[in-house]
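Asks: Before I ask anything, let me first share the structure, which is written out below as structure tokens.
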Amino acid sequence: MSKALALVVVLFFVAFCGECYGELRFEFYKGKCGITDVEVVVRDVVKIWHTTKREKDIAAALLRMQFHDCFVNGCDASILLDGNNSEKKALPNSSVRGYLLIDAIKDALEARCKGLVSCADIISMAARDAVVLSGGKWYNVETGRKDGKVSLASNVNLPSPSISVSDSIKVFGKKNLSPIDMVYLLGGHTVGNTHCSLIQDRIYNFNNTGVRDPTMSQWLFSELMKKCPRVPSNKVDNPIPLDMKSPSFVDNSFFQEIQKGNGVLKIDQQLALDGLTKKIVGDIVKDPNFFTKFGEAMVKLGRVEVLTDGQGEVRTSCRVVNKKSFFFGLFN
């Protein structure tokens, strides 16, 4: 085949192929599973989990799962793989939940469209659906990811809750996420909890000064002292909502609260004070399109270092990599 003819074939394929898998796109699975709408299957399982299993905080769990997955080797569902030294075993991932829900979604999809939907896509779709069930607004999710085959605890290097704003911007920038994206994504802290052990220094001994973090409001200080005594009477590490005013709802109250000095984590509070992000926070508080822009930031997060056609695989079980097929073995 001549080079000219080959170029024509490639251009035709790119222009007209409705089954191309080379990149992420909206409605990637449309028409690929007969009359089954893949996104509806995911949504129904998340809704059942949210209502019948009474896991009202599932949005926080899945937002954290997606962030922790995408920031380590990209959005490839490597966080779901079991193993003695897998990402699940890394200390920063000890608080990640939602694995059983992902299993339930995968089972439902495999029963209808075997080997079609990747675990990486399930995480993104399920997180979106959980956001909607928690008061957020719908946003379209790009799909077409493949699942990774490597998961090592040693690869997990996530930003600390006490990271500076400037360093956080650098970390997000390496993932092609802007400072505005970063602020919106950290706004996911509108749901979910931290624990006393992670903020004890802010309450009682900030930077070894023997007193609280001066950026913390008196109201927040009083509330945290009730929940996190200076000397715990037992070994229970109490959970603390990251948004003390509306901890179960996805909204922009998180940004309103950090403007008042009510940010629970150091990085959250600094977003409202640091010159690099203060205006962004102020704009978000006044912006009626918060939900749209939060969704846009989540879509951008979902693009981080993805595997697409020719890379990775579609796992049969989200917990283990696939065994090599007979035909794969013949050609490798």
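Backbone N, Cα and C define each Cβ position, glycine as well.
Copied straight from TrEMBL:
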{"type": "DOMAIN", "residues": "23-322", "note": "domain 'Plant heme peroxidase family profile'"}
{"type": "DISULFID", "residues": "Cys33-Cys113", "note": "disulfide bond"}
{"type": "SITE", "residues": "Arg64", "note": "site 'Transition state stabilizer'"}
{"type": "ACT_SITE", "residues": "His68", "note": "active site, proton acceptor"}
{"type": "BINDING", "residues": "Asp69, Val72, Gly74, Asp76, Ser78, Glu87", "note": "Ca(2+) 1 binding site"}
{"type": "DISULFID", "residues": "Cys70-Cys75", "note": "disulfide bond"}
{"type": "DISULFID", "residues": "Cys119-Cys318", "note": "disulfide bond"}
{"type": "BINDING", "residues": "Pro159", "note": "substrate binding site"}
{"type": "BINDING", "residues": "His189", "note": "heme b binding site"}
{"type": "BINDING", "residues": "Thr190, Asp243, Asp251", "note": "Ca(2+) 2 binding site"}
{"type": "DISULFID", "residues": "Cys196-Cys228", "note": "disulfide bond"}
Asks: Other than its own, how many Cβ atoms are within 10 Å of the Cβ belonging to Ser78 (Ca(2+) 1 binding site)?
Replies: 28
Asks: Which one is it, among the recorded positions His68, Cys113, Cys119, Thr190, Asp251, that lies nearest to Asp76 (Ca(2+) 1 binding site) by Cα separation?
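Replies: Closest candidate to Asp76 (Ca(2+) 1 binding site), judged by Cα separation, is Cys119.
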Asks: Around the Cβ of Asp243 (Ca(2+) 2 binding site), how many other Cβ atoms lie within 10 Å? Please give the count over every shown protein chain.
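Replies: Other Cβ atoms found within 10 Å: 28.
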Asks: Which residues, same chain and not among Asp69, Val72, Gly74, Asp76, Ser78, Glu87, have a CB within 8 angstroms of the centroid of the CB atoms at the recorded Ca(2+) 1 site?
Replies: His68, Cys70, Phe71, Asn73, Cys75, Ala77, Ile79, Gly148, Ser151, Asn155
Asks: Take the mean position of the Cβ atoms of Thr190, Asp243, Asp251, the recorded Ca(2+) 2 site. Which other residues of that chain put their Cβ within 8 Å of it?
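Replies: Those within range, site residues removed, are Gly187, His189, Val191, Lys245, Ser246, Pro247, Phe249, Val250, Asn252, Ser253, Phe254, Glu257.
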Asks: For the C-alpha pair, I'd like the distance in angstrom between Arg64 (site 'Transition state stabilizer') and His189 (heme b binding site), rounded off.
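Replies: If we compare the Cα positions of Arg64 (site 'Transition state stabilizer') and His189 (heme b binding site), the gap is 9 Å.
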Asks: Of the recorded positions listed here (His68, Asp69, Ser78, Glu87, Cys318), which is spatially closest to Asp243 (Ca(2+) 2 binding site) when Cα positions are compared?
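Replies: Closest by Cα distance to Asp243 (Ca(2+) 2 binding site) among the recorded positions His68, Asp69, Ser78, Glu87, Cys318: His68.
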Asks: Sorry to bug you, but what's the C-alpha spacing from Asp69 (Ca(2+) 1 binding site) to Cys228 (disulfide bond), rounded to the closest Å?
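Replies: The Cα atom of Cys228 (disulfide bond) is 30 Å away from the Cα atom of Asp69 (Ca(2+) 1 binding site).
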Asks: Go through the recorded positions Cys33, Cys119, Thr190, Cys196, Asp251 and tell me which ones have a CA within 10 A of the CA of Ser78 (Ca(2+) 1 binding site).
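Replies: Correct set: Cys119.
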Asks: Cβ atoms within 10 Å, counted per site: which of Val72, Cys75, Cys113, Cys196, Cys228 has the most, among these recorded positions?
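Replies: The most densely surrounded of these recorded positions is Cys75.
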Asks: Could you tell me the mean pLDDT the prediction assigns to the domain 'Plant heme peroxidase family profile' (23-322)?
Replies: 95
